[in-house]
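Report on the following structure.
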Amino acid sequence: MFHVKHSIDYLDFSPESVAETKKLFKDNESSLVEYVSKLMWWNKKINLVSRDVSRETLMRHVEHSLTIATSELYSKASSIVDSGTGGGLPGIPLAIVSSDKEMVLNDIVSKKITACKHMASVLKLKNVEGGARSVEEVQPNEGALLVSKHAFKINDLYGMIGRLPYSGVILLKGKDDVRQELEGVKGSLQIKVFDLYSGFEDPFYKGKALVEITKKK
Ligand SMILES: C[S@@+](CC[C@H](N)C(=O)[O-])C[C@H]1O[C@@H](n2cnc3c(N)ncnc32)[C@H](O)[C@@H]1O
């Protein structure tokens, strides 16, 4: 049963946010391309993204990751935790475009964090830390923002982080999954679901959403 105590708004991802995402991508293109090269290198050794993924598709994943940087919740936070980061998505692209923010990359699989730390060091990113543990064991700074791409269902995630002092959560996930995933979530959440396809009008974004979650005051 969906708890009526949550509020959920479905919104378009605005043309301004699309333009901002594309500008961030363009302004940082050489570092982002270098990241993708390193990710492809590591992916031959350990499974970080699907086996035969092309460079072009990975660049789309990078652009997708950067949509988070247009959010007001993101701009207000100085410390970001990317949990379930895998090969560093969205955390490494975000660290590249936001050198003023501390980025903590977290994954339960330690070899993925080893790869992420190596990529961050080759890219000379001074704002990246990595921790191999489950999301509920991460100790965030007060007011940190948790971000994640295709790693958790909302109810599973809130079961693990509900008591931790995050200012909010931004998830990249399927637009149609949100309502069902609120089942069993304790407390009252305020949720905004931004339809990325409405903004980009590109088949890559079909069904994909940026989901902003905060606790109701
Ligand atoms: C589908 S992958 C997504 C990886 C990356 N975010 C991306 O978009 O390419 C999900 C990741 O979540 C990690 N994961 C699963 N459960 C976790 C947990 N409890 N805490 C931290 N990471 C977890 C997995 O090891 C995996 O790397």
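Backbone N, Cα and C atoms are what each Cβ position is placed from, and that goes for glycine too.
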One of Lys117, Lys149, Lys153 listed by TrEMBL as binding S-adenosyl-L-methionine at the site of Gly84, Leu89, Val135, Glu136: Lys149
Neighbourhood of Lys149 (S-adenosyl-L-methionine binding site), C-beta criterion under 8 angstroms, separation at least six: His61, His64, Ser65, Gly84, Leu89, Pro90, Leu171, Leu172, Lys173
Among Gly84, Leu89, Val135, Glu136, Lys149, the binding-site residues whose C-beta sits under 6 Å from ligand 1: Gly84, Leu89, Val135, Lys149
Local backbone state of Lys149 (S-adenosyl-L-methionine binding site), from DSSP in three classes: strand
Number of other Cβ atoms within 10 Å of the Cβ of Leu89 (S-adenosyl-L-methionine binding site) across all protein chains: 27
Secondary-structure category, per DSSP, in which Val135 (S-adenosyl-L-methionine binding site) falls: helix
Surrounding CB atoms that lie within 10 Å of the CB of Gly84 (S-adenosyl-L-methionine binding site), all protein chains: 22
